[in-house]
C-alpha cells in the first residue's frame, strides 16, 4: 500500500493490544494490514447480500491488488461467502451453512475469517470462528454504527434460538476491529440512529462530558454521514481532508469504543463491571424479543434506557434532571423513548407488550441471579449506582412498565412532610424565551425538567435562537442567548409542540421575530390532535392586525400555523388583544415586544382580563432581564389594561433562579389536608410571583386547615380525616390551575362552611368554584373532566357558566375502584391521586401524563411523602385481552378417546405453530422399552396407569413450552392425572379435548391392533370418559364427522373452486386448484388462536377502518356451506345465532334450547368452509331472540362451548348477571367479548343518562362495546352520532352503535365497528333494517365517505389482460365505486407519473417491461419485492403524519408459492427439486417462491445462459440455484416442481419445431409433481399438454390460475377485503373463452 493511500488512524487498546483501528476509507489499509500481519493459506470474507452490494467489490479489488504482489506459488486464497441479511441468519442453521462452506472449500485451522457487516454478521461469524476447527482467527469489519460501537467490541459471539437472543455463543476475541466510518454514508438514517442509542448509553454510564457533546451537537454528528466522501476523493482518509463534522463523528465513535474497550479489558467475561454496558438492555431486550424485526435493537434499547432510568428515579438514586437530559438526548437522534411512540404503538406486535409478557421474557437474561432480575442503575449522567447490575424486584419493574397506577390509601409515612416542588412551568418557559432572546450568557437554576420545557427548548434550537449546555450535573442550564436573532427552519421542517399550550402561544409571537428577505420563507408550528383543538385565534388576530403575516394551515383559530418571515420581523405599534380567554396571549406579545420594529402599546380589550397574576409574573420576569414594562393608569390612579413596552435587547443576568411551581405545590398540601397530616413546601410563600401560591390561604384555610405562610415557605396541617369543610363560594380566577385540587377536596368536604361563607341557595356541603371558564380550553376541558370523573366516585356536581358546584360526600360513602381517565392532562392525574389517598382502588389510567410538569410525581409521592403506589396494567382495545392464567408459549396437551385423531391433529398443529410434537405413548414406550400393549399384557392395567401418570408428570415438567403433547386416551381414568391436567389448564396452558363421532372411533379401533384391547364395549368407555375429558380440558377440537365431510365435499363440487379439466382432451385448467384441506386450515387457525401465536381476530376492527359481520339466520348451516363463498363477500366475520339453530332444519318459532352437540357441529361445519372469525351470539326472547328467558344455565354452557371451540368473539348482553359475564371474561383467552345492550322498547334516548350508564358498564365488561337502539325518525341517528362523538375521537374500546328499523339504516351505514349485515341469499334478516355489505358501500360512496379510486395496469402489451375483469368484477360485487383501467406505455413516462400522483390513485398492477423501471418512483419496497428485485403492485399508504407514500410489493411470488404449497403432495419440500424456465422478472418471483416453499434445490434454465447466471448472482447462495445448460441433463435428478415464465409461443414439445424451446418429456420423470405455466394464453400450453400426456399424476396449473390468485392478493392489499373469488372466476372464464 502506497503512503498516499495510508490513512490517519485512531488506535484503541483492548486487552493490552492496539487492535481497534478507526478512520475513514480503510479498505486498502485493511487488505494490506490483514495480509501482512495475519498470514494464512485462506482468507474468507463473509458478508450478507445487502452489504455486498455496497462494499464487496471494493474488498475484492483491494485484496486482489495486495495478493497480486505475492508470488503465485505462495499466494493464499481469498474467498467470499454471502448469507441472507437479517436476524434469521443468526441461527444454528445459519452457522452450519457457513461451516459447510468452509469445509467444502477445504479450509483449515490457519484460515482467517473476515466478518463484514452489522451485528448479525459479526456475532454469527465470530461464533463460527470460535468453534470451527476448535477455533480460528477472525477480524471484525463492522458496517453499521451499532456494530462499530457495540457488538464488534469485546469478543462476544452468539446465535439466537427459539428461546431468545444470544443464548448460545462464546467469548472469542477478534485479531483486529477495523472501524471505517465512511461505511456509515451508505447507512439509512434510521440505522444510524439505531447505533447512536448505544453511543448515548455508553456516555450515560461513563462520561458526562461526552454525553454533553452528544446532547448539544446532534445535528453536527448526524450531518457527518451525509457527506458522501467517496465522491470527493475519499475525503477524511487523512486528517487534512476531514471536515469538522467527520472529526466530531469519529471522535464520538472512538470515545464510545474506548469506554467499552476499557471495561472489557477489566472484565472480559462479564462477571461484574461489563454488566454496565447493558444499561437499557434488560427491558430493551424484552421489548426487542417481542417487536423484532419491525423495531431495531437500538430503538428498543432507547426505550429500555428510559424505563430503567425511571426505575433508578423511583429508587431515589437518580434525579429527574438526569432523566430529562437522557430523554432529550435520545429524541435528538430521532429515537423512540416510549412504547406509546407512534412508530411502536402502530405495530401489530405492540399488542403483546403487556407487563406480564415483558417480565416473562426478562426471566431469560444472562445478568439475572436465579429469578432475581438485574438492571444497570444510573446514579447520575456519567455514573452508575453500582459497578455492576443491581437486583431489582419485579414489583418495582412492574410499577415502571405499567401504563396506569393506583394509590394505596394510607396516612403519609413521612409526616410531617417537608419538600420542594419542581421549578415553575410558567416561569421556566418565560425564562427560557427571555434568556434565548437576550444578549450574553444566563445560568438558569431550578428549571423544570418536563415535557413542556423540553418542547420549548427544542423549538428554540430549531429556530437557531440560542445554544444550551448543562452544568452542575444538569442542575443548571447554561443559555447562550442569540440576541433576538432567529432563523427559518429548513424546508419541510415543522416545529412540533405536542400538547404544550404555553409553548404554542409564546412561540406564535416568537416566530414573528424571524427575519428573512427570502420570498416564501415561513415557520410552521403544529402540535398533536388536542393541541389542534386548543384556541389561539385572538392572539393570531391581534398579530395579523398589526401587520404580521400568519396563516392557518388547517382550521381557523387553531394550530398549525404558518408564520411568514419578513425583512422587518415583528411589526410593533398599537396592538389590540382580546385577553378574556387566556393570559398566555398577553404574555406572548409582552415577551417579544422589545424586539418589534417599533415600540409596542398593548391594549387589552373584549371584557375582563383572565389570570392577571400571570401577566404580572411575565412583567416581573422581563424586569429581571432588563426590560421595564409600564402600565397606564387613569386620573384616579386606577390601572388600565394598556401596557407600554420599549424596544431594546434583553440583557441576560448571569444567574436566574426559577421559583418552585405553586400549582404543583397544591397536591402535597392537599394530601396533608385530606389525610389530617402536616406538609411544608419550601420555596413557595406569600412573596411568590405565582397566583397559585395563594391556594393554601384562599382555599385550604377556608376548608378547616391550619396554614402558616412566610415569604418563602408554606405549611398546611389538615383537620382530622373526614372533617374538611365545604367552602361555599370561592373565586379561583387568580389561581385557575388549582381548581382541580380544590374540587377533589370539595368532594369529601362535608362539614358546614365557616360563618359568612355558606351559600343561601345551596346545601351546606356545597363548594361553588367560579372564575375558571378558561379551564375548558386547557389540555382538556377540565371542568367537564372533573365532573365526569368525580361521578365515578358517586360525587354529585353541577356545571356553571364560569365554574362548577361540588356537593361533598363522606369518604366512607364514595365508590371504590374508580378508574380515572386522565385525558392526557397532568393536572387531572395529580388531582385525583390526592383523592386516591383516601379511596381504595382508585386507578389513574395515564400515569405518564404528569411528565408535563412533575415527571417524578409518583416517585416523590412514594419516597418523599410516604404514600405507596402500585402499577396497574390496563387491558384495552389495542389488542386481545390475554388470559392471565395461561403462560406465554405454554405447551398444548391433547386428550380424548383413542382413535379421535389426537396424533393427526397434533402433528398438524405442531407444524402450523412451528412447535414440536410429542406422543405420550411413544415417550412411554421409549422409556420402558416395549409397546403399550406389551406392557399391559405383562404388568396389567393398574401398573400401566401408574407408569402413565409418571410420564404425564415428566411431560408437564419437561415439555411445558412450545410443544403439542398427545396423551393416551385413558389418562383420565387416573384421578391424580385428572387433577394435574385441571391444574395445568387452569393456570398454565391449554388442554384440548379432541372429539370424534363414536361410530367413526369404533370403526377405527376395529381396524387398529397396536394398542391393548379395552376389555369392554368401546361405547361404554366413551360414555364413562366423556365427563372426565370435559372436566380436565379448557378447549375442545372436533374432528369433522363423515356426514359433515360429505357435505363439505358436496359444497366444493358445487362451486368452481377446485375445478380442473383434462388438458389432454383439449380442455384447459381455468381455475385455482384445491387449497390445503379444510382440516389443515382449521387446525392452523384454531391452535394459532388459542395459543395467542396469531389470534384470529378481524384486522379491520381498529380506528380508521370499517368492519362488518354477516348475521347467519339459517336454522341448519350445513346446507348453506355451498353458498358460503357468496355469503361472506366483503365481511370480516360471521355471526352464528345459536338461538336460531334448529335440528329440524326449519326456522325456530317457539323458544327452545338447541342441543350442545348440535351447536358444536354447526360451528365445526363453518370452520371447514371458511377461516373467518366467528361471532357467537345467543339472545333470549327478552333480548330479541329465540332462547328461553329462564334457561340461564344452558345459555352459559353454550357460551362456554363457544370459548372452548375457539370462537373469536362472544356477544354477551349486559343484562346477563354480571358475575357470569366476568367469569366468562376471565376464561376467554385470546377471544374477545362483545358487551351488548339492545333496546327493543324504542324508548331509549341516545343523549339520555341511561345510555351513558350502559356504555360504561359495557366498556368495563367487554373488549368491544355494542349498543343498539330503535330509530323512530332520522333525529335518532343524529343523536346516536352525537353520543359517539361525545366519547372523543378515539374511544378506548371499539364501539358498535346502531339503530334498528327502516329509519335506522343511516346509522348502520355510518357505523365503523362490526356493522351487522345481511345477504339476499339468507332466509331472513337478523334484525329489522339490516343492509347488505354491498348496499352499505354504495351508500358510503353516495354520502362522500368512500371516494372513488382509480386503479391501473401499467405495461405493454396489455390490451388482452384479464386484470380489469378481475378487479372491476370484484369492485362491482362488493359495491365499491372504484375502477380499474389499462394504461399502456412503452416506458415509465409522464402518463404513469401523473397517474400515481393523482389524488384519487388507489393502486396499480405492474407488468412487463416496467417491473424494475417503476421502482425509482416509489417510497419503499416490501422485503419480498426487495429480494425479488421486481414490483408488480403499487400500494398508496398513509404515513403516521397523514401524508401519502407509495409502496412497492410483489404478489406474483405469493400466488406461485400458494400453488406449489397447496398442490405438492407426498413430497418433502427439502428433498424436492424445482425447475424455473426463463430469466425475466417473473422468473425471479418464481425462484423466490420456491425458496420460500422450502424447495431444496432449484434448476434455472434460459436459452441465454448469461442472463440466467445474472439472475442467480442476485440471490443468496442458500437458494441453491443451479443453471442448466440444457433441459436434458438434470444432475440432481428430475424436478417435482416446474414453472415456466416464458411465452407459450416460445416453447414446443415437438423436437422438429424450430425457433422455440424444446421441452423434453424427461423433465416429468418424477412420479408426481406440480407444473405451472405463467403464460395464460392459450390455456393448453405445450408445457401443460406435455405434462398431461407424459404423467397424469402431475398437477397442472395454468397461468390464468396464477393470474387470478395474484390478482386476489392485490385486491386484498388495496381494499382490505377478500376478493369474491367464485364470481370473479366465473366472469374471467366467460371473457377468457371469447
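Just so you know, glycine gets a Cβ as well, placed from its N, Cα and C.
Annotated features in TrEMBL:
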ACT_SITE  1266  active site, schiff-base intermediate with substrate
BINDING   134, 150, 156, 166, 198-201, 260, 274-278, 281, 297, 366  7-phospho-2-dehydro-3-deoxy-D-arabino-heptonate binding site
BINDING   896, 897, 898, 899, 900, 901, 902, 903  ATP binding site
DOMAIN    82-193  domain '3-dehydroquinate synthase N-terminal'
DOMAIN    195-368  domain '3-dehydroquinate synthase C-terminal'
DOMAIN    420-861  domain 'Enolpyruvate transferase'
DOMAIN    1353-1434  domain 'Shikimate dehydrogenase substrate binding N-terminal'
REGION    1-394  region '3-dehydroquinate synthase'
REGION    1348-1634  region 'Shikimate dehydrogenase'
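Taking the recorded positions 134, 297, 902, 1266 in turn, the residue surrounded by the fewest other Cβ atoms inside 10 Å of its Cβ turns out to be 134. Of all the binding-site residues given, namely 896, 901, 902, none has its Cα within 10 Å of the Cα of residue 297 (7-phospho-2-dehydro-3-deoxy-D-arabino-heptonate binding site). Ranked by CA distance from residue 134 (7-phospho-2-dehydro-3-deoxy-D-arabino-heptonate binding site), the binding-site residues 896, 900, 902, 903 have 903 at the top as the closest. Other than the site residues 896, 897, 898, 899, 900, 901, 902, 903, same-chain residues with C-beta atoms no more than 8 angstroms from the centre of those residues' C-beta atoms, the ATP site, are 969, 994, 996, 1001. Cβ packing within 10 Å was compared across the binding-site residues 200, 277, and the lowest neighbour count falls to 277. The average pLDDT computed over the domain 'Shikimate dehydrogenase substrate binding N-terminal' (1353-1434) stands at 93. Within 10 Å of the C-beta of residue 897 (ATP binding site) we count 24 further C-beta atoms, all protein chains included.
Separation of the C-alpha atoms of residue 896 (ATP binding site) and residue 166 (7-phospho-2-dehydro-3-deoxy-D-arabino-heptonate binding site): 39 Å, rounded to the nearest whole number. The two recorded residues, residue 900 (ATP binding site) and residue 277 (7-phospho-2-dehydro-3-deoxy-D-arabino-heptonate binding site), show a Cα separation of 54 Å.
Each residue contributes its Cα atom, and for residue 903 (ATP binding site) and residue 274 (7-phospho-2-dehydro-3-deoxy-D-arabino-heptonate binding site) these two points are 49 Å apart. Each residue in the domain 'Shikimate dehydrogenase substrate binding N-terminal' (1353-1434) gets a DSSP state, and the totals come to 29 helix, 19 strand, 34 coil.
When other Cβ atoms within 10 Å of the Cβ of residue 166 (7-phospho-2-dehydro-3-deoxy-D-arabino-heptonate binding site) are tallied across all protein chains shown, the result is 18. Within 10 Å of residue 274 (7-phospho-2-dehydro-3-deoxy-D-arabino-heptonate binding site), judged by CA to CA distance, lies none of the recorded positions 897, 898, 899, 901, 902, 1266. In the shown protein chains, 18 other C-beta atoms lie within 10 A of the C-beta of residue 903 (ATP binding site). Look at the domain '3-dehydroquinate synthase N-terminal' (82-193): DSSP puts its residues at 50 helix, 33 strand, 29 coil. Every protein chain considered, the tally of other Cβ atoms within 10 Å of the Cβ of residue 898 (ATP binding site) stands at 19. Each of the binding-site residues 896, 899, 901 was ranked by the number of other C-beta atoms within 10 Å, and first place falls to 896.
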